[in-house]
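> Mind looking over this structure? Questions follow.
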Amino acid sequence: MRRILRNRIIFIAYFIVSTGSIIWLVSTCGPGCTTEHVGGDSMADYYKHELERTRANVRQTEKKIRTITQTLNKQYAKAADAVNEILGIESPQIPTIYAITPTYTRPVQKAELVRLTQTFLHVSNFHWIVVEDSERKTQLVSRFLTNSGLPYTHLNVKTTDEYKLKENEASWRKPRGVDQRNIGVDWILENVPQAEEGVVYFADDDNTYSLQIFDEMRTTQKVSVWPVGLVGGLRFERPLLNDAGKVSSWYTVWEPNRPFAMDMAGFAVSLKLFRQQPHARFDITSRRGYVESSLLVQLGIRKEDLEPLAEKCSKVLVWHTRTEKPKWKQEDKLITLGKPSDPRIEV
Ligand code: UDP
Ligand code: MN
């Protein structure tokens, strides 16, 4: 066994030395080592020509690298960052993703925000707009965002009583998070400089987001769309494409004739389109299930203009997960006994 190994090492060493020598000979052997007499002038010409050729090669290779990184940037921003870092190239401008998240005080709120943060921290050029459904910004969310490590904007607006979901009222009866998303859009239009490109995404606090969906949505020109898992009483809902690869209808059982029969988590809008239709917002008075459509209709987009992502809408990269309300039976008992758990411990 050892002998075989030693022989192999000797062979490899021999191979390296001999190949290295050949390469050295070839590389040092310019026109001067040919038997033909070469005058000083033609020698200089030869090297000048060689230098030009090498320069052209380098330029071509640089161009190729630029094209690769630009393509990567559009599709896989995070990967492009890594490539740029390795190559020591400054990353070109990529559109910022503005994720608008409505949120409200409840036992699971902090856990939801932690889960979201730990996804969003992996997304480059990302700005989180967190909008509390409350009269005032809460301590919990303020502190949380300060320590999140994310670029963020903290806003708040309380849903008017007429539209506020009552405790124990079925969640589908009223649209949720509408005013919050709308003031998020207001903020973006008022604060992001005109020259900057962006993509707006409505990211509810209880959903589950793969990193890939952010890479994909960064390419949005007007409105991009993709499937959403665990929604509409189905395993998934998704846009259906025609032979030309354009959206023709939606795979959904509930109200399939809605203008845009998709969930909030299933589309992103370019900042450019919002700037072109600066008054387009979600309509809180719209019929049940029509909130998404209310915005998209105002944005003046046609079904054929939608940009299908996630491999022609065949992959689920976002899930409309919902968090179970925790059971606090024992906590309630302790409260009635006048011995609630330590309120200084934030959950
Ligand atoms: N939301 C809110 N105020 C409420 C209820 C919900 O701001 O009174 C937020 C919630 O945190 C989430 C979004 O609105 O980010 C959608 O609410 P939910 O997830 O309950 O809706 P569903 O998943 O049932 O569509
Ligand atoms: Mn939800």
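The backbone N, Cα and C atoms fix where each Cβ goes, glycine too.
TrEMBL lists GLU292 with the feature active site, proton donor/acceptor. The UDP-alpha-D-glucuronate binding site annotation in TrEMBL covers PRO102, THR103, TYR104, ASP133, ARG176, ARG181, ASP204, ASP205, ASP206, HIS320, THR321, ARG322. For 44-71, the entry in TrEMBL reads coiled coil. Look at TrEMBL and you will find 9-27 tagged as transmembrane segment.
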> Let me check the 10 A CB neighbour count of PRO102 (UDP-alpha-D-glucuronate binding site). How many other CB atoms are there?
26
> Measuring Cα to Cα, how many Å separate THR321 (UDP-alpha-D-glucuronate binding site) from the residue listed as 'active site, proton donor/acceptor'?
18
> Whole-number Å distance between the CA of GLU292 (active site, proton donor/acceptor) and the CA of PRO102 (UDP-alpha-D-glucuronate binding site)?
15
> Please list residues from the chain of ASP204 (UDP-alpha-D-glucuronate binding site) whose Cβ is under 8 angstroms from its Cβ, counting only those at least six apart in sequence.
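Once residues fewer than 6 apart are set aside, ASP204 (UDP-alpha-D-glucuronate binding site) is near THR101, PRO102, GLY177, MET264, ALA265.
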> Among PRO102, TYR104, ARG176, ASP206, THR321, the binding-site residues in the record, which have a C-beta under 6 A from ligand 2?
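Only ASP206 qualify.
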> Among the recorded positions listed here, ASP206, GLU292, which has the most company in the form of other Cβ atoms within 10 Å of its Cβ?
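Checking each of ASP206, GLU292, the winner is GLU292.
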> Which of the three DSSP-derived classes (helix, strand, coil) applies to PRO102 (UDP-alpha-D-glucuronate binding site)?
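Once the DSSP labels are grouped into three classes, PRO102 (UDP-alpha-D-glucuronate binding site) ends up as strand.
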> Using DSSP, would you call the residue listed as 'active site, proton donor/acceptor' helix, strand or coil?
helix
